[in-house]
Amino acid sequence: TIDTCSSDSPLSCQTDNEASCCFNSPGGSLLQTQFWDYDPSDGPSDSWTIHGLWPDNCDGSYQEYCDDSREYSNITSILEAQDRTELLSYMKEYWPDYEGADEDESFWEHEWNKHGTCINTIDPSCYTDYYAQEEVGDFFQQVVDLFKTLDSYTALSDAGITPSEDATYKLSDIEDALAAIHDGYPPYVGCEDGALSQLYYYFNVKGSAIGGTYVASERLEDSNCKGSGIKYPPKSSS
């Protein structure tokens, strides 16, 4: 099991502590990233879907593919071996690959190999009685748990921003609606072809990335959307 950290562990990116199992560094800015996949449509029609959990450096740069020895090509079987069947079925629904279900596994592999291996607080050395790939299951569970606290679809809907073939929206209204579920901090809002496509919610973390305290923080990248006329196309029901 992962070692426990004290509740008064320092907050990442807010002090220059040495990296440790209880201090995320250099990747101290943790981003929970989401997709709105409408072309082709993916995931439930009334929910955004998971992209990942990324450890960005505190200046917005990032490392990637940090540990060749822990790159895996069998995420599904790792989770099954850990009896994480409920997690796996949730991921199939809310963490799908836009190219289709047969690509889900490669998408999950990509997210772990590129980003998960760079989270220093889930290194095997941070575990007691570690067993191989234990941190992989913990990573995917943590991403899902964090995603469940960030219901972007409902936050937008509560502000009157709903998928539509013809309505368009203002960036400031979108940001305000999403800031309401993120302690007043708007996420990065990403557009493609003038339509909503991605969200990045930024956090600093007290303690480990697994089970630590995620504290909403300012985004390190400005939206690439225009100020108004933003489309939010419905997902097709097929």
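Glycine is treated like the rest: Cβ placed from N, Cα and C.
CYS118 is paired in Swiss-Prot with CYS66, the candidate among CYS58, CYS66 named as its disulfide partner. Checking CYS58, CYS126, CYS191 against Swiss-Prot, the residue bonded to CYS13 by a disulphide is CYS58.
Partner cysteine of CYS5, as given in Swiss-Prot, is CYS22 (from among CYS21, CYS22, disulfide bond). Cα proximity to GLU111 (active site) (within 10 Å) is found for the following recorded positions from CYS21, HIS51, CYS191: HIS51. Each residue contributes its Cα atom, and for CYS21 (disulfide bond) and CYS66 (disulfide bond) those atoms are 16 Å apart. All protein chains included, HIS115 (active site) registers 26 other Cβ atoms within 10 Å of its own Cβ. HIS51 (active site) falls within a strand segment according to DSSP.
If you take the Cα of CYS118 (disulfide bond) and the Cα of CYS22 (disulfide bond), they are about 15 angstrom apart, rounded to a whole number.
Using a 10 Å Cα-Cα cut-off around CYS126 (disulfide bond), the recorded positions CYS13, CYS22, HIS51, CYS225 reduce to CYS22.
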